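S.K.: Below you will find the structure I want to go over with you.
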Amino acid sequence: MTGYSTNMRIKLPVFCLLLEFITIILFAVFVRYDHESDAKQWHDEMRNHSVQNAENDFYFRYPSFQDVHVMIFIGFGFLMTFLKRYGFSSVAFNFLIAAFGLQWSTLIQGFFHGFHDGKIHVGIESMINADFCTGAVLISFGAVLGKTSPVQLIVMTLIEVTLFGINEYIILNIVGAKDAGGSMTIHTFGAYFGLIVSRVLYRDDLEKSRQREGSVYHSDLFAMIGTIYLWMFWPSFNSAITAHGDDQHRTVMNTYYSLAACTLATFGFSALLNGEGKLDMVHIQNAALAGGVAVGTSGEMMLTPFGAMIAGTLAGMISVLGYKYLTPVLDSKLKIQDTCGVHNLHGMPGILGALIGAIVALFATAEIYGAGMEDVFPLISDGSRTAKQQSLYQFLALLVALGFAILGGLVVGFILKLPIFGTPSDAECFEDAVYWEVPGGEGHQQLTVVINNEDPDTQA
């Protein structure tokens with residue numbers, strides 16, 4: 001591959017500052033505080049409707065927002081630090097994507113969900129939704145980790161966030177599906193979007209960088225930090241925007257038990273599939289989280305604790321099997337280079353979660369939900385749909401998510417192939433020193449080795 005220029009001195013400032021300038025202008029024109037964060041409107045409501053400060057939605061939602069925010073910036077960031085020479089980039093590019101993504105998604109989701117009287121009204125719930133949208137982009141980032149420049153990642157974020165907003169609006173508002181924890185809108189969409197981008201950006205000579213694609217002892221320990229943070233806070237992620245009361249309570253419980261069961265299944269299958277009965281840290285770091293994905297759609301439904309445990313067990317099994325057998329096939333046969341294995345942690349468990357949601361919706365009755373049907377399945381509650389119809393619409397939503405992911409990934413992949421974004425060469429992948437000042441002179445030495453190992457005819 002020829003013609004590479006990884007120097008970010010002009011490219012990165014232009015993209016970062018220009019996009020931030022545009023975002024600020026759009027915020028100035030369109031974005032306003034919602035009625036619970038606007039000083040005049042909130043105090044008028046307190047005076048006219050005898051509302052207390054303690055009833056402000058901030059106090060109900062902010063604890064969940066904190067947990068979700070930690071997942072986005074620490075959980076996802078450190079989960080990707082397993083690469084031995086890519087720790088700076090894993091954490092910091094995650095930081096960059098999330099910082100831009102949450103601003104852009106505030107605008108995109110605001111146009112679809114919070115646009116009134118020509119303005120976007122934002123509050124604590126819109127901040128949570130912006131983090132959710134960013135989570136989908138970070139999942140896609142995992143599929144192309146180590147093989148893209150920061151400018152490519154910013155461009156991917158810009159377009160993917162826009163497509164996420166459209167996809168989410170269609171699924172939730174037009175199809176009328178339920179997906180509070182994002183099995184379809186976040187995990188399935190983000191995973192398959194990233195996989196298709198990775199396929200379009202396929203590198204024939206990635207073997208030149210394979211020696212850096214693995215982990216070392218301390219990098220796997222750092223990645224486990226991300227795993228533990230994600231595992232602890234996933235109940236908040238799935239329940240953050242569900243209705244107050246029993247819905248949120250039930251979602252936390254279902255996620256809690258699903259994750260626990262998934263972890264045991266992961267340990268068991270990891271040892272079972274190893275000829276010497278040893279555990280694989282890749283499985284523990286990733287597959288143990290699949291239980292949270294698997295109940296993203298059904299978490300607020302009457303899944304039952306044992307049903308959540310079954311879902312988690314299945315997710316753990318599927319994820320470990322995927323890492324062991326499917327990832328190599330995707331690489332060798334389908335030419336999909338999935339660095340983090342997002343297909344196994346988010347893709348397949350996301351589809352499983354969508355199917356579980358469709359099955360549970362099929363059995364939604366007034367006897368089971370009572371008056372709670374209005375919160376969980378409002379279209380069944382008001383007679384617009386039967387449980388069978390809701391189940392079919394849940395399945396249709398999965399197809400919509402997959403369709404947007406595949407088509408969107410194709411378009412974005414071809415855009416990112418343009419030679420102006422400073423992508424690393426095949427011999428420079430998975431290497432921090434390409435884009436970072438690495439302390440102690442280590443970066444210069446390592447980059448010299450990288451360049452010297454590259455064939456002469458591939459030099460820019």
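Each position is counted from 1, following the chain as shown.
A Cβ is built for glycine as well, from the same backbone N, Cα and C atoms used for every other residue.
From Swiss-Prot, here are the annotated features:
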CARBOHYD  Asn48  N-linked glycosylation site
TOPO_DOM  1-10  topological domain 'Cytoplasmic'
TOPO_DOM  32-62  topological domain 'Extracellular'
TOPO_DOM  84-87  topological domain 'Cytoplasmic'
TOPO_DOM  109-125  topological domain 'Extracellular'
TOPO_DOM  147-150  topological domain 'Cytoplasmic'
TOPO_DOM  172-179  topological domain 'Extracellular'
TOPO_DOM  203-220  topological domain 'Cytoplasmic'
TOPO_DOM  242-252  topological domain 'Extracellular'
TOPO_DOM  274-283  topological domain 'Cytoplasmic'
TOPO_DOM  327-347  topological domain 'Cytoplasmic'
TOPO_DOM  369-394  topological domain 'Extracellular'
TOPO_DOM  416-460  topological domain 'Cytoplasmic'
TRANSMEM  11-31  transmembrane segment
TRANSMEM  63-83  transmembrane segment
TRANSMEM  88-108  transmembrane segment
TRANSMEM  126-146  transmembrane segment
TRANSMEM  151-171  transmembrane segment
TRANSMEM  180-202  transmembrane segment
TRANSMEM  221-241  transmembrane segment
TRANSMEM  253-273  transmembrane segment
TRANSMEM  284-304  transmembrane segment
TRANSMEM  306-326  transmembrane segment
TRANSMEM  348-368  transmembrane segment
TRANSMEM  395-415  transmembrane segment
S.K.: So, do the transmembrane segment (253-273) and the transmembrane segment (306-326) meet, by the test of 3 or more Cβ pairs under 8 Å (sequence gap 6 or more)?
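M.R.: The transmembrane segment (306-326) and the transmembrane segment (253-273): touching, yes.
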S.K.: Within 10 Å of the Cβ of Asn48 (N-linked glycosylation site), how many other Cβ atoms can be counted across all chains shown?
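M.R.: Total other Cβ atoms inside 10 Å, all chains included: 8.
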S.K.: Hey, does the transmembrane segment (221-241) touch the transmembrane segment (63-83), meaning at least 3 C-beta pairs closer than 8 angstroms, sequence gap 6 or more?
M.R.: yes
S.K.: What is the three-state DSSP composition of the topological domain 'Cytoplasmic' (84-87), stated as helix, strand and coil residue counts?
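M.R.: Computed counts for the topological domain 'Cytoplasmic' (84-87) are 1 helix, 0 strand, 3 coil.
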S.K.: Can you see whether DSSP assigns Asn48 (N-linked glycosylation site) to helix, strand or coil?
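M.R.: Reduced to three states, the DSSP call for Asn48 (N-linked glycosylation site) is helix.
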S.K.: With an 8 Å cut-off on Cβ pairs and a sequence gap of 6 or more, do the transmembrane segment (180-202) and the transmembrane segment (395-415) reach 3 or more such pairs?
M.R.: yes
S.K.: Decide whether the stretches the transmembrane segment (395-415) and the transmembrane segment (151-171) have at least 3 CB pairs under 8 angstroms, with pairs required to be 6 or more apart in sequence.
M.R.: yes
S.K.: Under an 8 Å Cβ to Cβ limit, what residues of the same chain, 6 or more beyond the ends of the topological domain 'Extracellular' (32-62), are close to it?
M.R.: 114, 119-126, 128, 240-241, 244
S.K.: Over the span of the topological domain 'Extracellular' (369-394), count residues by DSSP class, listing helix, strand and coil in order.
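M.R.: Its residues divide into 20 helix, 0 strand, 6 coil.
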